[in-house]
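To start, the structure under review is shown below, and the notes come after it.
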């Protein structure tokens, strides 16, 4: 990534100049959003100018504790069978790819795709996340995939978390059969509208906070809240998805040290590679709320070194076009010292009792009795208007609906199969499908 310092250019119309600068920032922001944290750090470290910055040097050179589960950006060959970990017992489900008609690509990630699929026996629609085992093993991410599965199994009863119907695997792929949500990513709607009015932002923030509070009650820290991971359902309610970076078994006073997340939303303590706790999720909620109100994350800069420095050192700047309650909430959530951050003492209870949420009846919110401020107006499962054409225009790979011929199964595929023992899951027969 090229580090550039923007120069001031005089313009006769100050309003136009500011607008042009905002559009340029938004354009750069959209291009960088799909970059993974590892790629981001690699490009940052490869830039000689950025590496001279003291805060960047601190980020790149700090050595984490030995027990830290670091995300390894250096590809390595799949481990040998003797190094495989049995990642949990499970029943052997009867599900297989040929049970589905795979209709459209509706999302993409580092390890595979998300597809709209229709089950052939009952014609119900699902979002099926299909991941390549070899790609996961190459980056040593099998623990994160199993963590996602485990978290999904715990989320089936919460209204604002995507539900897992079942999971299964073939010799070379993993399949998550998930709720199909077609109201679009929050990121997609922010791209189109740039920012939201405060009542709409409050509604979304409340539903997000409810979902995070539920995860925390299960001792799960989400760690990757961003508009791309927040979906709208067909009525306009929030659905949180993508649990690959969740950390399980974090007690109320517990901490972890894994360096992971999305660059624009990393809390200061994560950047410093210090132990962090549940309050990283409240920092991210503040960042997303700020973005909903203003159009960009709070400390965003096209200069990557400057952005990290802003997160660590720059005071929060709030424009006057929001209420005092919104200002107070953002100041509490985006507190750089986690011990002073809103939510540090009493977690979700502090958030929902904040005056910004005083118009919210939380019981009605969780019962979905509150009318969403925006209705996606989808006409049915085949209505894909809120998905990015970059995805939906892509052809569905033929390999998605089948497994390798048994005669062509290689040793690496065999090792991949052993790495994901316990992945497959099927519910009790009376709830199956």
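Counting starts with 1 at the first residue shown.
Cβ atoms here come from the backbone N, Cα and C positions, even for glycine.
Within 129, 133, 134, the residue that Swiss-Prot lists together with 106, 107, 108, 109, 110, 111, 112, 113, 114 for binding ATP is 129.
Segment annotation: Swiss-Prot labels region 'Disordered' over residues 66-92 (candidates 66-92, 147-173, 174-200). Taken over all pairs of the listed ATP-binding residues (106, 107, 108, 109, 110, 111, 112, 113, 114, 129), the Cα spread reaches a maximum of 14 Å, rounded to the nearest whole number. Note: the CA-CA distance between residue 110 (ATP binding site) and residue 224 (active site, proton acceptor) rounds to 15 Å. Residue 106 (ATP binding site) sits 20 Å from residue 224 (active site, proton acceptor), taking the CA atoms of both as reference points. Within 10 Å of the C-beta of residue 106 (ATP binding site) there are 22 other C-beta atoms, taking all protein chains into account.
Counting only same-chain residues at least 6 apart in sequence, those with a Cβ under 8 Å from the Cβ of residue 114 (ATP binding site) are 105, 106, 107, 108, 127, 128, 129, 130.
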